[in-house]
Amino acid sequence: MDGFGHDLMAGLTVACLIVPQSLSYATALAHLDPVHGLYSAFVPGVLYAIFGTSRQLSVGPEALVSMLVGTAIAQQSGGNTDPKAALAIGCFITLFVGLITFFLGFVRLGFLDSVLSRALLRGFITAVAAVVIIEQSITLFGLRDLAEEIGIGEQSSTVEKMVFIVHNMEHVHYLTTIVSFSSITFLLTFGSVKKRLTKMPWLQFIPEILLCVILYTILTSIFRWDKDGLAILGPTKAAGVPFPSIPATPEGVSLRALFGTSALISVIGFVESIVITKQYATKYNYSASPNRELVALSVANIVGGFFQAIPAFGSMARSKINDKAGARTQLAGLITALIVLLAIFFLLPYFFYLPKAVLAGIICVAALSLLSEAPHDLKFIWQIQAWFDLGLLSLTFVTTMVVSVEAGTLIAIALSFFAAQILREIVEAYHARNIKVYFVKLRENSRELFVKSELLDRAGGESHLFRRTADAMDYIERERQALTASEVHMAI
């Protein structure tokens, strides 16, 4: 019963976070009706709780994934897709993500998280955070209508959006700007207070995002800021869970192009999810299979696609809160999903006066959290003078910012698969000089990569793998002594 109490508290706590997040990601990033964000939190949440191996992972819509969906919708439509066509594109992407993720699990590619280097991931994540903040700044300053008039939309590059914002600062909507940055200040201040006052455990469970949403919704309804030009969420009827179906392919939409975007989402979503899964599996000493995680996430997204959900993966921030709130089993995730179901049926109409600027602020705070580790990583790279890693980080960052998120993802993945080719070339170079190579403390996932790339065979096989450096040194010494004895015998 004690375990159920912890799971119940965790489920309630995460639900207070995931509901406003789902609304934000669906409307501001994927550009779909808010209910589809809730579908993404409910359906995949239930299925992952049944099939997943992590007890703390919180599965639902994510900022980067939602942004990629929104970008794909804009690219397929030229920015003029009607709501039904946009929804169909979103559903196809979710279905494809599920199928691709299932394929990755079927062919046992769970080692993908070990392939991507930290430098590449840091460059990519930092760039994505910047892309999200710049994209949302158009809403934060109340410039969305002007941007649409000029032709700045999802199909525009990040640089074009940044130039647009700088050149049109005199046209900002002051009420929207005040609401935006006051909500961001509220969220950041509340979060900072929670971090500092760790001796007050009850404070850690207060959902500042939900409080922010409620506060600004009430203020807007009382003072009718919407009449002064503040954009609000508007009519959102109480919904139910749709009957499962496959949408008709919209006219002029390339499913092949959607498949490419889905592949990128699958890799990005899985890598983030498995990193979180391993972190908590190690912390609480239970086993977690990357390949089984791929299958669980695939089932969650395939079924989610039939229920009009956007792609869902694990969230670092929500999982952290889930853990702190006391999640002991996957029941916590199931409880969260059931509370989201209640929101789908009953709570949506109450978000009528929710300012879109607040939703943009929530997304910006989430993006800022992605930047939190960047200074530490850059300082470490500089201290050890890892110029090659710094170059990879910079290349990924610039490509993502200047070209597109998809291009940045491809660069990161391609260069990471080379983090195997380079090692193989090093081994071959040593062998050419008659120098043997041994590996110590090789992780199981990395070992799979070594086997698939034939790197292990070229190094000398299983006999050249050791758990400890001391074991490797003993083996090398015995081998040297045996070789010396053989040479002496031959001389005699």
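Glycine too: its Cβ is placed from the backbone N, Cα and C atoms.
Heads up, TrEMBL stuff is auto-annotated, nobody curated it.
What TrEMBL lists as domain 'SLC26A/SulP transporter' is 4-385. The feature signal peptide is assigned by TrEMBL to 1-24. Here TrEMBL flags 34-51, 85-107, 119-138, 172-193, 205-225, 294-317, 329-351, 357-374 as transmembrane segment.
Counting Cβ pairs under 8 Å that are 6 or more residues apart, the transmembrane segment (329-351) and the transmembrane segment (34-51) reach 3 or more and are in contact. Among the recorded stretches 85-107, 172-193, 294-317, 357-374, the one sharing the largest number of Cβ pairs closer than 8 Å with the transmembrane segment (119-138) is 357-374. Recorded stretches compared: 172-193, 205-225, 294-317, 357-374; the one with the most Cβ pairs under 8 Å to the transmembrane segment (85-107) is 294-317.
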